[in-house]
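Student: Pasting the relevant annotations from TrEMBL:
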COILED    837-867  coiled coil
DOMAIN    700-771  domain 'PAS'
DOMAIN    773-824  domain 'PAC'
DOMAIN    876-1110  domain 'Histidine kinase'
TRANSMEM  12-31  transmembrane segment
TRANSMEM  47-69  transmembrane segment
TRANSMEM  75-94  transmembrane segment
TRANSMEM  123-144  transmembrane segment
TRANSMEM  164-182  transmembrane segment
TRANSMEM  194-221  transmembrane segment
TRANSMEM  250-268  transmembrane segment
TRANSMEM  289-314  transmembrane segment
TRANSMEM  334-356  transmembrane segment
TRANSMEM  387-404  transmembrane segment
TRANSMEM  410-435  transmembrane segment
TRANSMEM  442-465  transmembrane segment
Amino acid sequence: MIADTGIGQSMLFIFLAAYLLLLLGIAWWGAQAEQGSRWMNLTHSRWVYTLSLSVYCTSWTYFGIVGSASLSGGLYLAIFWGSILAFFFSSVLLRRMIAVKNLYRVTSIADFLSARYFRSQSIAALVSIMAVVGVMPYIALQLKAINNSFELISQNSASVMNEWIPIGSASFMVLFTILFGLRHLDTTERHPGVVLAMALESLVKLLAFICAGLLVTYGLFDGFGDIFSQAEALRQTEARFQGYQSTPTFVQWICYLLISASAIFFLPRQFHLAVVENSDPNHVRTAQWGLPFYLFLILLFVIPISLGGLIMGYSPQQADTFVLLLPLQTNSPWLSLFVFIGGFSAAMGMIVISAMSMSVMFTNHLLLPVLEVTPGLKWLRRHLLKLRWLAVALFLFISYQFNAHVGESYMLASMGILSFVAVLQFAPAALGGLFWRKASKVGAFTGLLLGFLMWCYTLLLPALMKSGWLTFPWLQSQIMTSWLNPEAFMGLEGLDSISHGVIWTLIFNVTGYLFFSLLFPGNQEEHDYNQEFTEVLQQEISEQPSIELPHNIFLPNKIGLVKALLEEYLQHHEAQELLQQALESLGLSEQSYVTLMDLNRFHKEISHRLSGSIGAASAYKALSRVNLITQSEQEAIRNLYTDILNQLNISPHELQAKISYYQERENLIVRHSEEQAETIQLLKEQMSERAKAESARIETEHRLQAILDHAPSVIYMKDLEGRYLLVNREFCRIFNLPLNEVIGKNDFDIFSEESARLFQANDLAVVASKQPQESEEVAHHIDGIHTYISMKFPIFNDQNEVIASGGVSTDISDRKASEDQLLRFNQALEEKVKLRTQRLEESNSALQKTLQNLKATQDQLIEAEKMASLGSLVAGVAHEINTPVGIGVTAASAMLQATTDLILKIEAESLTRSDLEDYLDLSQESNSLVLSNLQRAAELVRTFKQVAVDQSAEDLREFILDQYIQDLIASLKPVLSNVQVEVNCPENIVMFSYPGALAQVITNMITNAIDHGFNAREQYSPDNKVNITINLLSESELNLTFSDNGKGVPKEILGRIFEPFVTTARGKGGSGLGAHIIYNLVTRKLRGHIKAESREGEGLTLYIQIPLDVRELDDFSDTTFFEI
């Protein structure tokens, strides 16, 4: 199905439409190329001609030959081999037919036979009827193939396209035929657009058939051997292989060989392409082997496709569809589409060319004679071209209706081979007419008529009866049981219907042709005409003898007759144009009186040109009607020829032989002269090319010499003896020598002996090594000695032998002087560098000492900052501890006094119960107060101790972050009297880091906020706030945000806040190291990052990112660096 193959009907329609547009474009381009000269070689190509002849392979071949192989065994081979062998040995036959076409302006197979047999209109009409009857059902068979293949590829799905595709295809073919095949009335004009389109179609269908064959052979099976082996295994058991195993009889082989051998020449479409459309008889040489090779390629895959379908279980009755069915079954949508296009091409090529040729035959030989004798219809003669258009449309419409109504009948299915047998009836008259002088018009007509009648009786009549078209039971029973049985005529039984029909049609055809040709040989005029025709290869143009005759025939009268005749068939301007061309070709356009021989030539020329429009028979009859050459003029021409023969004392046959001999000799001389002219033209072209090359060489030499003369270097070339062959202008200028005193001289003639020996040694070294060499050379000038850098190189000939040496020398004297001066400058510079280096080393030593001092000072300042911070912390803690200790001391003093009073009362024996109860109450209260305050002091000491230890130690340990920060803030309470500190930290964040470093960072941030953000001396304000917020960034990292709402940091200091000695409290006791210590601890100790943001008046915010476990860092080492 289309759905299964991935191509819908719409897509199929699009591709088919695109292909049809491509054919239109190719045909239009071919027609335009014929008018120009750029692409004419393609339209006149022997390959295009050969491919166009492959229209012989219709859809009956493309689809039906596989069915024939499945049903009839090897009989299909006879159809192929008959065509292959006949065409391979067709040189003489085709050349003769092409020569006849060129001489008589033949337009069709009917015109060809008519022209041979004394321009017989009855033969032309009979052949036209035979062609229409035999070929029109064959066209219907092509339309059926298009319809069936479309239904198959669309899986018979109901659609409007199923109805319109055949109609649209037929309509397109009508349009294509009219546009490119019937554009002009003269059908002897070539139609390069149509031929080029047919060549493309032939190439497409060949490639599609081969692709289908390759798919079956190597896609469905494992090659030819696999197919044959599987077929052999199934042959004995499967009934569907019975037809494939059938063996044709000898009679069948001979009959089918004859059928196919004649069809490839005399089918109307084959004759049109092979003969009418031929532009060069030499193309026959390529077509002789090209078309048989094309057929062989088709034949190569017939058996694999046929056996492949049978092996896969399809019945032989489906074999006509195997070419398309098997690709569909392999789910190969694009190949299936390509195969469908190939089948469409096979059908379309046959339909278009057949419609062209049959429309010409129908109008020229059937319709025109009727119009000639029907007074009321004579006006239609001037519209023959439009009538041909109508005939094309009518033929395809009838064929379409024929297919629609009898598409499945026996007649249509067998019409392909029946058409071949019908065309076989043309063979005796055509072959005999070309090679047998005694063949007469009566014999040819009788043979054709008898053969056609027997074809109708022995083949067409049974087909009609089997199709159910003739239903006369009594008549059928009487015929079938007598010697008039059309399938066993005269008691000839045991043959298949086709072989039986071939035998009887040929018997009647050939017998009638030979017997009546001998019985009715025709008159002397017909005999002379036949003799001229059979010798057409020796005299393609019959020249009239050159004899001095009087100019006594008034030409304008004759022209008037011809013009009136031409306007009966052509439009006024067309008739005028044809007449003018005829006169100009004969050189009579300026003459008023002509000779008798000129008139005879004029008559033949008009007949020749008119034949291209209405056919040879109609043209001959029309000219005879107007009496262009009167009876007396004809008699004078005969007498003239008789006198010539009497003077020469030879018979007409001997004269014809001599004329043929001299004409053949003349042809040889002409061909030889043409070949010589071509040779001379070739030599002229070669001389022209050589002259151009020489001019280009001289121009190149001049350009090269100009380049050499303007080069700033000395350039020269020497022979192997050291003599100068070429020097440039710079050489002559530098050495102050004219050119004529250098060329031919050697170095010893020009330079000093010392320089010449050096030059010579370098030259010999280059020649010996065959390699370029660079060296410095010295030459004496008037102004002193000059140094040159010379690049010398060998010069080779085509045999790679050194024949000379060349050199390019550049004066580097100034450069050498500059190099010496530069060397002196470098030496002086080196001395200065040494002196400066020594001074820098001394300065570096002093700077190193200064740096050490600065670093020591820095360490002291850092320690002082630490101690200051610690002292402030200790003072605060001491003040904080003093309160609970003071309360405890007071309570203890009160208890001591009460105890003393109790003891006194005991000694005085004045102690009362109430005194004892008061003492106990006071004791309980005082002990509780002392205990709670001592516990508070102990807690403060513990916290301070832990913080103090963490800040002073650098131990790495695990701690819980929120608890640690709360303890830290508690220890800092003495210094937080003026600010509120808010801590937001998730619980149970466990860190493995340096708690001392973290405590110092937080302490420094808080003290910096108090000292610089809120001013240390200000009293407590609820607006002074510090916020510490901690959140996790990931499982391994946290973010600590410290912010205050103090006065902020100025913009000019914010960017340098972490640099050492940068402070906003310069002169107020600030060292400028607090933020720097924070930066070092965060980045070096805690392995994190810190950045600061602030707007003046809006406080400072610090963002710190540190890892939860410093051990996980790749570069972790338990080392702390406090650097500036």
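Cβ atoms here come from the backbone N, Cα and C positions, even for glycine.
Note that TrEMBL annotation is computational and uncurated.
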Student: Between the transmembrane segment (289-314) and the transmembrane segment (75-94), are there three or more C-beta pairs closer than 8 Å, counting only pairs 6 or more apart along the chain?
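Tutor: Yes, the transmembrane segment (289-314) and the transmembrane segment (75-94) are in contact.
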Student: Cβ pairs under 8 Å only, please: of the recorded stretches 75-94, 164-182, 194-221, 250-268, 387-404, which one is richest in them relative to the transmembrane segment (47-69)?
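Tutor: The stretch I would name here is 194-221.
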Student: Determine which residues of the chain contact the transmembrane segment (410-435) at the Cβ level, with the cut-off under 8 Å and only residues 6 or more beyond its ends counted.
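Tutor: Long-range Cβ neighbours of the transmembrane segment (410-435): 58, 60, 64, 93, 96-97, 100, 109, 112-113, 116-117, 123, 127, 130-131, 133-135, 137-138, 140-141, 144, 258-260, 262-263, 265-268, 402-403, 444, 447-448, 451-452, 455, 459-460, 463-464, 466-467, 469, 498, 501-502, 505-506, 509-510, 513, 517, 533-534.
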Student: Work out, from DSSP, the number of helix, strand and coil residues along the domain 'PAS' (700-771).
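Tutor: Once the DSSP states are binned, the domain 'PAS' (700-771) shows 42 helix, 10 strand, 20 coil.
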Student: In terms of Cβ proximity under 8 Å, which residues at least six beyond the ends of the transmembrane segment (12-31) contact it?
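Tutor: Here the qualifying positions are 2, 39, 43, 150, 153-154, 161, 165, 172, 176, 179-180, 183, 191-197, 200-201, 337, 340-341, 344, 348.
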Student: By a Cβ-Cβ criterion of under 8 Å, what residues six or more beyond either terminus of the transmembrane segment (75-94) are in contact with it?
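Tutor: Beyond its ends, the transmembrane segment (75-94) has Cβ neighbours at 56, 65, 68-69, 246, 248, 252-253, 256-265, 274-275, 281, 284-285, 287-289, 291-292, 295-296, 298-299, 302, 431, 434.
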Student: Can you break down the domain 'PAC' (773-824) into helix, strand and coil residue counts using DSSP?
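Tutor: Each residue of the domain 'PAC' (773-824) counted once, the result is 12 helix, 32 strand, 8 coil.
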Student: Checking distant contacts: for the transmembrane segment (194-221), what same-chain residues at least six beyond its ends satisfy Cβ-Cβ under 8 A?
Tutor: 22-23, 26-27, 29-30, 42-43, 47-49, 51-52, 54-55, 57, 62, 176, 180-181, 227, 230, 273, 277, 294, 297-298, 300-301, 304-305, 308, 311-312, 323-324, 326-327, 330, 332, 335, 338-339, 341-343, 345-346, 348-349, 352-353, 356
Student: Do any residues of this chain, six or more beyond the ends of the transmembrane segment (250-268), have a C-beta under 8 angstroms from a C-beta of it, and if so which?
Tutor: 56, 75, 78-83, 85-87, 90, 93-94, 97, 108-109, 131, 135, 274, 291, 353-354, 357-358, 361, 417, 419-421, 423-424, 426-427, 430, 495-496, 498-499, 502-503, 506
Student: What is the pLDDT of the domain 'PAS' (700-771) when averaged and given as a whole number?
Tutor: 82
